[in-house]
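Here is the structure we will look at, set down as structure tokens.
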Amino acid sequence: MSGGKYVDSEGHLYTVPVREQGNIYKPNNKAMAEEMNEKQVYDAHTKEIDLVNRDPKHLNDDVVKIDFEDVIAEPEGTHSFDGIWKASFTTFTVTKYWFYRLLSALFGIPMALIWGIYFAILSFLHIWAVVPCIKSFLIEIQCISRVYSIYVHTFCDPLFEAIGKIFSNIRINMQKEI
């Protein structure tokens, strides 16, 4: 080690000596190196999405599962021709399917943009305005709570204790006369 420089066993030059166990970028410890290689960092913005199960948290289980049978039904004794019923079923199902896809194609990205902006603003306000205001309020209210506590213990406690003692001596006897 000369002039504040350090060369490790692999010939890498460092300005500051490396500790025996290494550092976070180049650990000497084999267990530490394996531990760092095992950790996988996931980024919420680049995670893979499931294209099969698009509602993994079941947000829309009771809302949008509307099939032909949920909307149109013919009671017993009032049936249309079988061909009409089949064509109606196919028309309803295909129209719902493709019209949803068309609306998703036209408005899906703009709505995602709008909702993304909305929730970003909501998160920003919660993090930078709501929580600090609540914390500030709780800090400021502490002095008021101390004054209030002193007031209650000084004036209200003796008053209500005296009133309680007065009313504790009242006795009621009820007799039923025939």
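Note that Cβ sites are derived from N, Cα and C of the backbone, with glycine treated the same way.
Here's what Swiss-Prot has on this protein:
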{"type": "CROSSLNK", "residues": "LYS5", "note": "ubiquitin cross-link"}
{"type": "CROSSLNK", "residues": "LYS26", "note": "ubiquitin cross-link"}
{"type": "CROSSLNK", "residues": "LYS30", "note": "ubiquitin cross-link"}
{"type": "CROSSLNK", "residues": "LYS39", "note": "ubiquitin cross-link"}
{"type": "CROSSLNK", "residues": "LYS47", "note": "ubiquitin cross-link"}
{"type": "CROSSLNK", "residues": "LYS57", "note": "ubiquitin cross-link"}
{"type": "INTRAMEM", "residues": "105-125", "note": "intramembrane segment"}
{"type": "LIPID", "residues": "CYS133", "note": "S-palmitoyl cysteine"}
{"type": "LIPID", "residues": "CYS143", "note": "S-palmitoyl cysteine"}
{"type": "LIPID", "residues": "CYS156", "note": "S-palmitoyl cysteine"}
{"type": "MOD_RES", "residues": "SER2", "note": "N-acetylserine"}
{"type": "MOD_RES", "residues": "SER2", "note": "phosphoserine"}
{"type": "MOD_RES", "residues": "LYS5", "note": "N6-acetyllysine"}
{"type": "MOD_RES", "residues": "TYR6", "note": "phosphotyrosine"}
{"type": "MOD_RES", "residues": "SER9", "note": "phosphoserine"}
{"type": "MOD_RES", "residues": "TYR14", "note": "phosphotyrosine"}
{"type": "MOD_RES", "residues": "TYR25", "note": "phosphotyrosine"}
{"type": "REGION", "residues": "2-94", "note": "region 'Required for homooligomerization'"}
{"type": "REGION", "residues": "82-94", "note": "region 'Interaction with CAVIN3'"}
{"type": "REGION", "residues": "131-142", "note": "region 'Interacts with SPRY1, SPRY2, SPRY3 and SPRY4'"}
{"type": "REGION", "residues": "149-160", "note": "region 'Interacts with SPRY1, SPRY2, and SPRY4'"}
{"type": "REGION", "residues": "167-178", "note": "region 'Interacts with SPRY1, SPRY2, SPRY3 and SPRY4'"}
{"type": "TOPO_DOM", "residues": "2-104", "note": "topological domain 'Cytoplasmic'"}
{"type": "TOPO_DOM", "residues": "126-178", "note": "topological domain 'Cytoplasmic'"}
Rounded Cα-Cα span from CYS133 (S-palmitoyl cysteine) to LYS57 (ubiquitin cross-link), Å: 32
Cβ contacts of CYS156 (S-palmitoyl cysteine) (under 8 Å, same chain, 6 or more positions away): none
Around the Cβ of CYS133 (S-palmitoyl cysteine), the count of other Cβ atoms that are within 10 Å: 10
DSSP-derived helix, strand and coil totals, residue by residue, for the region 'Interacts with SPRY1, SPRY2, SPRY3 and SPRY4' (167-178): 2 helix, 0 strand, 10 coil
For CYS143 (S-palmitoyl cysteine), the number of other Cβ atoms found within 10 Å of its own Cβ: 9
For the region 'Interacts with SPRY1, SPRY2, SPRY3 and SPRY4' (131-142), residues assigned helix / strand / coil by DSSP: 12 helix, 0 strand, 0 coil
Chain residues in Cβ proximity to the region 'Interacts with SPRY1, SPRY2, SPRY3 and SPRY4' (167-178) (below 8 Å; excluding those fewer than six residues from its ends, i.e. six or more beyond): none
CYS133 (S-palmitoyl cysteine) and CYS143 (S-palmitoyl cysteine), Cα-Cα, nearest whole angstrom: 16
Model confidence over the region 'Interacts with SPRY1, SPRY2, SPRY3 and SPRY4' (131-142) (mean pLDDT, whole number): 93
Secondary-structure category, per DSSP, in which CYS143 (S-palmitoyl cysteine) falls: helix
